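**Student:** Okay, here's the structure, questions in a sec.
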Amino acid sequence: MRKGTTTQMSEHDPVLEVTGLTVEFPGVRALDDVGFTVARGEVHALVGENGAGKSTLLKVLGGVNTPTAGTVVLDGNPYSPAKPHDALVAGIAVIYQEFTLFPDLTVAENVFVGREPVVAATRGIRYGVMRDECRRVFGMLDWEIDPDARVGDLSVSEQQLVEIAKALSVEGQVIVMDEPTAALSHSEVARLLDVVRRLRDEGRSVIYVSHHLEEVFEIADRATVLRDGKHVATLDIASTTEDELVRHMVGREVSSVFTREPGVPGEVVLGLDGLSAGRILRDVSLDVRAGEVVGIGGVAGAGQTELTEAVYGALAARRGSMTLHCERYAPSSPADALRAGVGFLHEDRKSAGNLPHLTVAQNVTITILDRMRGVARLLSFAKERETYDSYRSRMRIKASSPAQLIGQLSGGNQQKVLLGRALAPGGDLLVLNEPTRGVDIGAKAEIHQLIGELTKSGVAVLMVSSDLPELLGMSDRVVVLSQGRVVGRLDGDERTEENVIACATTGRRIGVAA
Amino acid sequence: MTSPDLTTAPTPPASDPSRPGRRLDFGSFWDTWGITSVLVLLVLVAVATTPDFLAISNLQSILRESAYLGIVACAMTVLIINGAFDLSVGGQLALVSVLTLFAYGVGGTGLAVVTALAAGTACGMVNGFLVTALRVPPFVATLGMLFVFRGIAYLLTQNGPATLPYTEVDSPFAQIGSLNLALVPFPFVLMVVVFGLAYVLLRRTPTGRRIVAFGSSPVAARFSGVSAARIRFVVFALVGLAVGIATLTYITRVWTADGAAQDGFELSVITAAVLGGASLQGGRGSLVGTFSAVLLVTVLNDVLVAHGVDASYQNIILGTVLIIALAIDGLRTRFAGVNLLRRSFGPRTPKAA
């Protein structure tokens with residue numbers, strides 16, 4: 001391997017040793033023979049792309065997932081938690097990205113949930129003890145939080161601290177943080193990193209998962225890179241660079257994904273000027289031209305969803321403006337967008353795409369019901385059938401009949417039905433969010449081909465994808481978002497996986513000085 | 001789409017996807033015809049045990065009696081398919097009855113009919129406004145309005161109930177309740193027409209399709225361009241209109257109304273819709289089922305009365321029937337689409353997606 005794969009520190013005083021860890025789910029190997037060690041008093045970063053296996057690893061440590069093979073040794077003893085509570089008792093506290101707090105309970109009640117100190121005789125909770133212990137822990141963090149405050153009233157960063165306090169109150173040896181800064185403001189991030197340093201100085205170990213490499217370089221001693229469930233490298237932060245880390249994270253040969261022939265872009269179809277919407281999308285400007293695919297990249301939750309929903313009228317723009325064919329475009333609802341011919345595909349097929357009680361044909365025509373009227377302005381089943389048949393043959397939807405319920409189809413075929421719904425308005429702008437998420441390889445290729453055909457006929461496509469080969473293979477231009485802002489515009493040869501990841505995690509291209 | 005039944009929305013996939021086309025198992029049969037079969041059984045029992053059951057006057061009485069329940073239950077089914085329900089229909093019925101009788105006193109049949117339809121629709125629009133504009137959850141909004149509507153009806157009848165004087169027995173208004181068209185009671189004809197219109201609404205109009213879509217998945221419907229507020233407002237208004245129509249058949253039968261009229265009516269209506277197969281989670285409901293359930297409830301009452309069964313027992317029996325019907329539904333959903341025994345004792349197979 002490369003330099004720094006092992007260091008002296010881990011050999012000195014390992015607190016956690018992971019060897020040969022493998023986790024298999026039906027049909028997927030989420031972790032494959034992963035091994036690394038965490039030293040006492042070390043901040044150990046864990047980095048990798050979406051789907052690299054970080055979350056699975058954390059869940060093994062937290063007692064949520066059980067490994068298929070491999071061992072974990074904690075403080076010299078074998079560690080195999082059967083449930084999350086075992087992990088806590090053994091001294092590993094995992095702080096998940098989605099908090100496990102109860103918003104209607106107080107801070108103290110949350111810190112001690114499931115292990116409240118009680119009076120032996122009556123089983124009554126000793127609130128005094130809980131409050132004192134809370135104050136002690138928060139004192140250690142040099143942070144003032146009222147133990148009797150309702151957790152739901154706290155800010156996100158304060159809630160994060162409650163989670164940390166929970167970990168500290170069990171005298172956790174290893175504290176695992178999953179994307180702890182994802183929801184924090186700039187100053188809050190600084191305070192959190194300060195807390196992490198304090199924990200390290202007390203001799204505790206911290207496993208720090210983050211997409212933001214600058215944080216990793218600011219706080220971590222070493223970093224372990226995972227890719228496709230495998231351990232790639234463990235590097236000393238002091239002797240590596242952001243670029244090297246990014247190369248390890250990608251490291252993939254250009255895959256055999258369908259590559260769209262770049263067309264000749266026509267005139268501007270959609271124009272965004274300084275668009276701000278929702279809680280995070282800020283000041284986004286971009287154009288989408290006829291016959292091209294503009295890809296939107298970034299780590300999860302960087303504002304991609306808000307961008308697509310704002311264009312579709314499902315999220316109100318707070319500032320900025322949009323144009324469609326050079327005319328002012330300000331949809332106040334999806335119905336407005338549909339009238340303007342904008343087609344939309346939501347990323348969450350199951351809860352925001354499928355209409356489970358409607359047939360496949362009805363799922364396609366729901367966006368264009370007014371065009372399905374026949375005799376006496378009533379719905380014409382013949383017209384619906386005809387519309388559905390045209391999309392079925394065009395997208396090779398496999399369904400036994402137009403009257404089949406959409407839930408009975410495979411994921412790929414459901415997606416094709418929903419793509420049919422997006423195409424039905426018949427305009428020349430398509431907004432596609434994760435068009436191939438959760439579909440099989442065959443359907444994926446067919447969907448890619450369809451997008452290629454559409455752009456050839458002059459349709460403009462705005463596509464969000466967290467699948468890098470797809471994003472790069474399908475897009476003429478890639479716009480990278482980070483925390484709601486455009487941090488990179490990649491054209492031509494700049495469209496590389498390294499650049500997308502570098503922009504998303506550090507805000508700049510690879511090889512470019514900060 | 002080619003199936004002959006009026007079921008607007010079949011159950012979501014619980015059946016075996018490898019053999020779509022032929023789903024002639026107990027599950028799909030029960031979905032569409034379950035409550036109707038129970039009705040047929042009950043009628044057979046009634047014919048066998050009750051001597052006068054088949055007498056024309058008795059049958060007419062059953063059909064006439066079922067009308068006001070059926071008309072409102074029909075609209076309630078549409079509302080439940082949309083994912084909401086209306087607890088205020090009993091209050092609406094009392095208030096609209098009182099207003100209609102007042103209106104008859106002032107302006108005769110024409111004004112009474114117009115008042116019933118307008119007042120009912122207005123009540124529904126109030127509910128719709130509360131739910132869509134003020135975003136009060138349907139349960140709370142309609143529970144509150146139940147008290148308000150009844151309260152107003154009580155206020156208006158402080159000096160004694162509103163009545164239709166006996167001298168008006170031959171007026172066109174009184175005829176609404178008593179007229180027979182070729183032996184079939186006019187109220188029942190009205191009920192059949194209402195069910196027919198609801199069928200056309202749900203199956204053949206864009207509005208109806210959007211009603212079902214929103215009940216099926218509010219989020220997905222929103223992203224398909226369905227305006228939740230507009231759709232829901234319309235459906236609540238339709239329930240009010242249905243109460244207006246039902247009032248015309250109800251008040252011309254009982255001739256009197258005050259704030260206490262038809263106490264508990266909302267629960268009978270929801271019972272009929274749920275017995276008929278409507279799911280309170282939305283998206284699913286059957287007009288055929290509701291129609292049969294309304295007749296089932298009325299026939300059951302008729303038979304029990306004929307046998308001199310105490311009213312308390314009638315309630316117990318109705319409640320039991322409701323629970324048994326839903327228990328069958330729950331068990332059926334769990335084992336749907338497969339040979340129940342084979343699946344229970346055979347090797348475990350992965351759940352179909």
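The backbone N, Cα and C atoms fix where each Cβ goes, glycine too.
Pulled these from TrEMBL:
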REGION    B:1-20  region 'Disordered'
TRANSMEM  B:33-55  transmembrane segment
TRANSMEM  B:67-89  transmembrane segment
TRANSMEM  B:101-126  transmembrane segment
TRANSMEM  B:138-156  transmembrane segment
TRANSMEM  B:176-202  transmembrane segment
TRANSMEM  B:231-252  transmembrane segment
TRANSMEM  B:287-306  transmembrane segment
TRANSMEM  B:312-331  transmembrane segment
**Student:** Quick one: do the transmembrane segment (B:101-126) and the transmembrane segment (B:231-252) reach 3+ CB pairs under 8 Å, ignoring pairs fewer than 6 apart in sequence?
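**Tutor:** Answer yes, regions in contact.
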**Student:** In the same chain, who gets a Cβ under 8 Å from the transmembrane segment (B:231-252) while lying at least 6 residues past its ends?
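**Tutor:** For the transmembrane segment (B:231-252), the nonlocal Cβ contacts are 64, 67-69, 71-72, 74-76, 78-79, 82, 84, 86, 89, 92-93, 96-97, 100-101, 112-113, 116-125, 127-129, 131-132, 164, 173-178, 186-187, 190-191, 194, 207, 210-211, 214, 262.
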**Student:** Under a Cβ pair cut-off of under 8 Å, which of the recorded stretches B:33-55, B:67-89, B:138-156, B:287-306 contacts the transmembrane segment (B:176-202) most often?
**Tutor:** B:67-89
**Student:** Before we move on, state whether the transmembrane segment (B:67-89) and the transmembrane segment (B:138-156) share at least 3 Cβ pairs under 8 Å, counting only pairs 6 or more apart in sequence.
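**Tutor:** Contact confirmed: at least 3 Cβ pairs fall under 8 Å.
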